[in-house]
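Heads up: the structure comes next, in structure tokens.
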């Protein structure tokens, strides 16, 4: 009887490895869990190819399928000599837009450049130093260095929903429910090799031999618990980068040990798709879901390992939670929703509700933080920039230029800024198939004065006006579908 049971489980596991391509909805966040992506084949390391155009063994710029795109300058050419300047554009291939003589001390917020690709919508971004990684529904991950195409690599299946960088390793989360692990070549930094998939094939086979490792994923269908059986929606690393968290539309989040790629836990977190997971402060992990809730999970040491326990529910609402971000230094959690609002909670007040940021007309699809700034990207095509001032938030500007929903953000410090101006470089990816780069100065005046706020009260911001120094640039030949998957 035991042998027959194991044989049935092996047969079921064999079916799990079969590929089944599914439709991909536009907004890439789940409002309800009416349908689920079917799992695809486990990846095998790509064979060494003699074809020099293979993205696995050649730099991106040498590969014909990846050739063609370039960053466009968004501003007129200036006669100012960039080679003698300390402007953030000095080492860029773009033309300078800073007037001669004003480059030593200026405060500027606005669009610096735009890249439009016809290979698909941009779903994910990650920035590290002078490198920018972009993921799209073409399954390609592109690497840009100083706004020049530098490298690239491609997954076998599944559009790229999330990218996160941990030193020389890059983790990518995909529509097919898998996490791919890539490593930069020590000999050639432009070459990225896939070194594994989470869960590993070995772990899946080992887990499939034990009947108790199976969980029901659909009616009359089981799967091993270490696998996500629906799209990966979000990835996050804890502060020491020893643990990787993955959220999925399968209503769970999983905990992976980075050192050996082992799946430590799978937590049934919500009643609907988990749209975001973020590792926060004080050993806390936050999850946001299409069921309208934000939950807090507490990590505790148990022997040589760790275990995560449910702590509390911060929010329960009718509309879907679509994005989360943590401000580590200020210990604040931000939550974006499909109603266009951004709620936040402050750790120094025992995670009490701090207020609401009102700046968008449509769903907030992505959030990012840097120092005292908060960035929110929305389906209304705009990016709101907020400055935290004590317990208040002031709207600095609205970055307007995309023609489709802003799906992802990445922020880096502008190390080339001079004159005491604290500024940041912001990358935004959109479903209009473009990536835009912005310079945001923290020295800019607020668009309206901050509203005085008492504990547990909600801020009431009027919808901000577009920042006057920002110009709008349309993408090339992109017509956005407003289809949502309910």
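The backbone N, Cα and C atoms fix where each Cβ goes, glycine too.
Any TrEMBL annotation is an automated prediction that lacks curation.
Summarising the annotation, TrEMBL assigns region 'Disordered' to 1-96.
The compositional bias 'Polar residues' annotation in TrEMBL covers 56-65.
Under the heading compositional bias 'Low complexity', TrEMBL lists 72-96.
Residue counts for the repeat 'WD' (225-266) under DSSP (helix as H, G, I; strand as E, B; rest coil) come to 0 helix, 23 strand, 19 coil. Per TrEMBL, repeat 'WD' is recorded for 225-266 (among others).
The repeat 'WD' annotation in TrEMBL covers 267-297 (among others). Residues 29-33, 230, 233-239, 243, 245-255, 308-326, 328, 331, 333, 335, 337, 343, 347, 351 of the same chain, all 6+ positions outside the repeat 'WD' (267-297), place their C-beta atoms under 8 angstroms from a C-beta of that stretch.
Marked as repeat 'WD' by TrEMBL: 357-386 (among others). Same-chain neighbours of the repeat 'WD' (357-386): 27-29, 109, 320, 322-330, 332, 334-344, 393-400, 402-413, 422, 424, 426, 428, 430, 432, 438, 440, 442, 459-464, 466, counting only residues six or more beyond its ends whose CB sits under 8 Å from a CB of the stretch.
Among the features that TrEMBL reports, repeat 'WD' is placed at 399-448 (among others).
Summarised by DSSP class, the composition of the repeat 'WD' (357-386) is 0 helix, 20 strand, 10 coil. Taken residue by residue, the repeat 'WD' (267-297) breaks down under DSSP into 0 helix, 19 strand, 12 coil. Mean pLDDT for the repeat 'WD' (225-266) in the predicted structure: 94.
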